[in-house]
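Peer 1: Pulled the feature table from TrEMBL, pasting it below:
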TRANSMEM  30-51  transmembrane segment
TRANSMEM  109-133  transmembrane segment
TRANSMEM  153-173  transmembrane segment
TRANSMEM  180-201  transmembrane segment
TRANSMEM  229-249  transmembrane segment
TRANSMEM  261-288  transmembrane segment
TRANSMEM  318-338  transmembrane segment
TRANSMEM  371-388  transmembrane segment
TRANSMEM  394-418  transmembrane segment
TRANSMEM  438-458  transmembrane segment
TRANSMEM  470-488  transmembrane segment
Amino acid sequence: MVEKQDIFNKDDALLAELGYRAELTRNFSVIEVFGVAFSIMSLLPSIASTLPLAMAGGPVGMTWGWLIPSIFIMCIGISMSEMGSAMPTSGGLYWWTFKFAPESIKKPLCFLAGYSNTLGLIGGLCSIDYGFAGLLLSVVTIATDGEFVPNKYQTYGVFVACLATHALIGTLATRYISKLQTFCIVSNLIVIIITCIALPIGRAKDGLLNSGEYVFTHAESTSEWPVGWAFFLSWMSPVWTIQSFDSCVHMAEEAANASIAVPFGILGSISLCGIIGFAVMAVLAATIDKDFASVLDTSHGQPIAQIYMNALGKNWCIGMMVMLFIIQWFMGMSITVAGSRQIWAFSRDGALPFSQAIRVINYRLGVPLRAVWYMCFVSGVIGLLSLVDKSATSALFSLAVASNSLSWFLPIACRAFFNPEAFKPGPFYIGGAISRTISLIATFYLIFVIGILSMWPLEGPNPSPTSMNYTVVVNGFVWIGCMLYYFVDARKWFEGPKNTFEGYNIDSSVADMDDLSPSTLYDDYHLKDM
C-alpha cells in the first residue's frame with residue numbers, strides 16, 4: 001500500500017489512490033489550467049479557420065448554429081467535470097472508461113478510448129497548425145494584392161515549420177509555459193473586443209450593416225445540401241472550436257488543487273467560448289457581404305480576411321490577420337502541451353508502441369520531452385493529407401472532432417449505462433437525476449456528432465473523390481486498426497491502467513476504488529492544505 005511519507009500534498013495523495021506516483025510538477029494554477037483550454041479554443045483564430053463551415057447554413061448557421069451545439073457541449077463538459085473532479089489524472093478519459101465499463105470489455109474499450117483521444121489531440125494540433133499556415137500566408141497574399149498565392153506545398157512547409165517551433169517551445173520548463181497562459185487569455189479578449197467594435201463601425205460608415213432580422217432569421221445553403229441540413233453542418237464550427245476543453249483533464253497532474261482546477265477549466269472555457277462566440281458570430285453575420293460567394297471565393301482563401309477588408313480596408317485587415325495568426329500559434333503551443341501529457345500518460349500505461357521510450361520525463365524541466373516530439377512528428381505525418389486535395393485537408397479538422405468525441409463518449413456512456421454506482425463524487429457534482437439526465441443528453445449528442453456530423457460530405461449528396469469527407473477513412477482505419485491490434489496482440493499484455501507504486505495493483509483494488517472520493521481520501525491521510 002502507498003506509504004504516507006510518499007504523499008506530499010492532497011493532489012498527489014488522490015493521484016496515488018488512482019495508482020500513480022506524481023512525476024510532473026504542479027506549476028499550473030486554477031486560472032492557468034483554464035487558460036490552457038481557453039488558449040486552445042482561441043475564439044477568433046478558430047472561427048477564422050472554420051468560418052466556411054459556419055457559413056454553410058447562412059447567417060442562421062453562423063449564429064444559432066453556434067449557440068445550440070454550445071449547449072450540448074456544455075452537457076459533455078458537466079459530465080466530464082464530475083469525473084475530472086473525482087478522479088483527476090492526465091489519462092482521465094481512458095482511465096474512467098476502464099473504471100466504468102463492464103468487466104468483460106473494459107480493457108478493449110479503455111484501449112480504444114486512449115488511442116482515439118491520442119489521435120484526436122494529434123489531429124487537433126494538425127488542424128490548428130495548418131490553420132496557422134493558412135492565416136499567415138493569406139497575409140502575404142493580401143499584402144501583395146494577390147500576386148502571391150501559396151500552393152499546397154508551401155502551405156505544408158509553413159505547417160511543418162510551425163510544428164517544429166512547437167516542439168522546441170514544448171521543451172521549456174512548465175513554470176514558463178504556465179505563465180504564458182495569462183498572455184493567451186488577455187490577447188484573445190483584446191482581439192475579440194477590437195473586432196466586435198471595429199467591424200460594425202466600419203460597415204455602418206458605408207451603410208452596409210446587415211439587419212438583426214437578416215442575422216438571426218436568414219438561412220441559405222452554400223453547398224448542394226438543403227438549407228435544413230446545411231444548418232447542421234454549420235455546427236462543425238463550434239464543435240471543432242470548443243472541443244479542446246478536455247485539455248484540462250490532461251493537465252490534471254500538473255495542476256494545483258486539481259479537483260477544483262479541472263472542472264473550473266472545463267466549464268469556464270466552454271461557457272465563455274459559447275457566449276462570446278455567439279456574440280462574435282452575430283457581429284460577423286451583421287458585417288458580412290450578403291453575397292457569400294464573394295467572401296468564400298478569394299485569392300487568399302480566408303473569409304474572415306475578406307470581412308475585415310470590406311469593413312476596415314487593407315491595412316487594418318493585415319494588422320488583424322497578423323494578430324490572429326500570432327494567437328493561433330499560441331493555440332498550437334497549448335495543445336502540444338496538453339496532448340503530449342495524454343501521450344505520456346498512455347505510454348506510462350504501456351499502450352503505445354515504444355512506450356518505454358516515450359514515457360521518459362526530463363526531471364530537470366519537468367516535461368515529457370519525448371512525448372512532445374512524438375506528437376509533433378506524428379502530426380507532420382498526418383498533415384501529409386493536405387497534399388492530396390482540399391477535401392483531404394478538411395479531414396484534418398473533422399479528424400479531431402470524431403476522435404475526441406469517441407474518447408468522450410466512452411466514459412460518459414459507460415458511467416451512465418453500465419456502472420453509475422461506482423462513481424463517488426468529488427468537490428464538483430451536479431447530483432442525482434440531473435447528473436444522469438445530462439449524461440444521457442451528452443451521450444446521444446455525441447452519437448450524432450461521431451456517426452453523422454463529422455463523417456458527412458460537406459459539399460453535396462454526390463461526393464466525388466475530390467469532395468468526399470475522408471474522416472470516415474482516416475478514423476475508420478485507426479479505430480479498426482486499434483481493435484485489430486488489441487485482439488491480435490495487445491490483449492496478451494495490456495491490463496489497463498498500471499500502478500507506478502510497487503506492490504499496488506489497480507485491478508485488484510477495484511473494491512477499494514469504489515470508495516474513492518477526494519474528501520474521504522484527504523480525511524484518511526489527515527492532510528492539511530499546503
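Glycine residues also receive a Cβ, built from the backbone N, Cα and C atoms like all the rest.
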Peer 1: For the transmembrane segment (261-288) and the transmembrane segment (109-133), decide whether they are in contact, meaning at least 3 CB pairs lie under 8 A, counting pairs 6 or more apart in sequence.
Peer 2: no
Peer 1: Which sequence-distant residues neighbour the transmembrane segment (30-51)? Criterion: at least 6 residues beyond either end, Cβ under 8 Å.
Peer 2: 124, 127-128, 131-132, 134-135, 178-179, 181-182, 184-185, 188, 191-192, 195, 236-237, 240-242, 244-245, 247-248, 251, 255-257, 260-262, 264-266, 268-269, 272-273, 276-277, 280-281, 284, 302-305, 324-325, 327-328, 330-331, 333-335, 337-338, 397
Peer 1: Honestly, do the transmembrane segment (438-458) and the transmembrane segment (229-249) touch, with at least three Cβ pairs under 8 Å and pairs 6 or more apart in sequence?
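Peer 2: By the criterion, they touch.
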Peer 1: Other than its close neighbours in sequence, what residues sit by the transmembrane segment (371-388), given a CB gap under 8 Å and a spacing of at least six beyond its ends?
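Peer 2: Beyond its ends, the transmembrane segment (371-388) has Cβ neighbours at 121-123, 125-126, 129-130, 152-153, 155-156, 159-160, 163-164, 166-167, 170-171, 336-337, 339-341, 343-344, 347, 358-359, 395-396, 399, 470, 474.
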Peer 1: Is the transmembrane segment (318-338) in contact with the transmembrane segment (153-173), using at least 3 Cβ pairs under 8 Å (sequence separation of 6 or more) as the test?
Peer 2: yes
Peer 1: I'm a bit unsure how to read this: which one of 229-249, 318-338, 394-418, 470-488 has the highest number of Cβ pairs shorter than 8 Å with the transmembrane segment (180-201)?
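Peer 2: Most contacts with the transmembrane segment (180-201): 318-338.
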Peer 1: Out of 229-249, 394-418, 470-488, which stretch touches the transmembrane segment (318-338) the most, going by CB pairs under 8 Å?
Peer 2: 229-249
Peer 1: Which bits of the chain, at least 6 residues beyond where the transmembrane segment (394-418) starts or stops, bring a Cβ under 8 A of a Cβ in it?
Peer 2: 49-50, 53, 76, 79-80, 83, 92-94, 96-97, 99-102, 109, 112-114, 116-117, 119-121, 123-124, 126-127, 130, 236, 239-240, 243, 246, 382-383, 385-386, 436, 439-440, 442-443, 446-447, 449-450, 453-455, 458, 469-471, 473-475, 478-479
